[in-house]
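Each remark here refers to the structure printed beneath this line.
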Amino acid sequence: MALSSTNLFTKTCHLQSSPPPTTTTKIVYQTMAVHTPDPSKKPPPAATTAATPAATAATPKLTAKPSKWTIDSWRSKKALQLPEYPNQTELDSVLQTLDSFPPIVFAGEARHLEERLGEAALGNAFLLQGGDCAESFKEFNANNIRDTFRVILQMGAVLMFGGQMPVIRIGKRVNGLGLPCSGYPGKVGRMAGQFSKPRSDNFEEKNGVKLPSYRGDNINGDAFDEKSRTPDPQRLIRAYCQSAATLNLLRAFATGGYAAMQRVTQWNLDFTNNSEAGDRYQELASRVDEALGFMSAMGLTADHPIMTTTDFWTSHECLHLPYEQSLTRLDSTSGSYYDCSAHFLWAGERTRQLDGAHVEFLRGIANPLGIKVSDKMDPNELVKLIDILNPDNKPGRITIITRMGAENMRVKLPHLIRAVRRAGQIVTWVSDPMHGNTIKAPSGLKTRPFDSIRAEVTAFFDVHDQEGSHPGGVHLEMTGQNVTECIGGSNNLTFDDLGSRYHTHCDPRLNASQSLELAFIIAERLRKRRIGSQQSLAF
């Protein structure tokens, strides 16, 4: 796998709105040979991957044939949640510069992730997708990236060893984070690109002063003053550079030995050592060490690639369409378009309209896609949306990320599962137990009770057990920092504790101890499903 060049990123990241010379652009894209720039903006050729005959026969078809897709056909649709820039000329210049920059991720990596997600859709793997609610410029440093990566490694070890299930790890951060390697099952990070945030109101008012809402560090600042809140196109350049640097470090962690299973006992963060979850993890790590010793005696030595590297991919919400278009490239291997800002992108609850600009953009790129679904989703509309985004019914292409709260999950999710099953559509079902459980503390701070998060995960598994379908993964807002943002858990955080280390840029996140605790709960459910499946096969 070709790794990104640190020198190349250093060379490009000092640029601002002026595009680099043509000769430099040519050299960059010769180096990144798997992608070519798209100066003509021509529509992509027909999809090269056909579905299996059985899957094709089961796929529902829309009565109206969709219009021809082009890389900018989304501009003819209604686009929600996009910022209004005061200087269109400056924005166009920045987008032109981004268009000349190298891709952050590669098409082959995204295809590999799609294959793995296809396994999760069939119940043969489990997706772990986690990271910040929204990445920020001021918290960008190597230690924060390392600590979040380390917690995701720990959670993956718990799920794999405790649940005996291959784990797909995707980093979730406003930039998206991750990469595929040849080692033990990987992760998907909500990192390296998760900057933009949808807002319920375009403006915020304080003490009679009305200013544009904060939409993420790649758009404007969170300080409540006119200069900070004015959308600034130059922030997109900085977001690109931070995403590239984050992914560069993650690649080094994933392939340079830090993620080696032999280090499983060293991944525990200092502040989790004396927690209940930390103690359980150390016990599990000791058992893993014993298993590794046995495997080494059998000839699988510690320097084998499967023991020293891990898969890790990046993800973020597809929100800022001009930025996403600028980083979309025509893949010379497959002839398909890929959004090279991340491996995995999702359509949010506020931007998944069937005739909207975001769905129009997403239907034409070949990345694996997610759809955020609340209790408001109509089952028939979901079937139509899946058909628009995955007309060939390709396994791994679509991940349904449910966010409903425990009670709604038990009532609404069965109808969605049945509608998708009747349509013969292949999807990966994932639980987001965070967004449906946000409350306001007496102090006014937003928080999420751990008990509510656990209850929604439990309901997710219960419904899939009831329906005979596959619980394919979890999608979490979490951090490796020792924050006090979600109440509850084994450390019994209360409303009074929130103010001590409440650092979130947007929504409350699970800290490392709470994340590990949840991983053990999920691993136990996976273990029970595996035992039940084995017993049913025995009869």
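Here the Cβ of each residue, glycine as well, is placed from N, Cα and C on the backbone.
Just so you know, TrEMBL annotations never went through curation; they're auto-generated.
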- Note on the structure: Among 35-64, 275-304, 335-364, 365-394, TrEMBL marks as region 'Disordered' the stretch 35-64
- Taking all protein chains shown into account, the Cβ-based neighbour count within 10 Å for R350 (phosphoenolpyruvate binding site) is 16
- Determine, using Cα-Cα distances only, which of these binding-site residues is closest to E477 (Mn(2+) binding site): E349, R350, K372. K372
- State the Cα to Cα distance, in Å, between K372 (phosphoenolpyruvate binding site) and C133 (Mn(2+) binding site), rounded to an integer. 14
- Would you count the other CB atoms within 10 A of the CB of K372 (phosphoenolpyruvate binding site), including those on all shown protein chains? 23
- Task: Measure the Cβ-based neighbour count of E349 (phosphoenolpyruvate binding site), defined as the other Cβ atoms within 10 Å of its Cβ.
- Result: 16
- Task: Give the sequence-ordered set of same-chain residues, not counting C133, H435, E477, D507, with Cβ within 8 Å of the centre of the Cβ atoms defining the Mn(2+) site.
- Result: M434, T438, R448, C506, P508, R509
- Message: If I restrict to non-local contacts, at least six residues apart, and a C-beta distance under 8 angstroms, what lies near H435 (Mn(2+) binding site) in its own chain?
- Response: K372, S374, R403, D507
- May I ask for the distance between R350 (phosphoenolpyruvate binding site) and C133 (Mn(2+) binding site), taken between their Cα atoms and rounded to an integer number of Å? 16
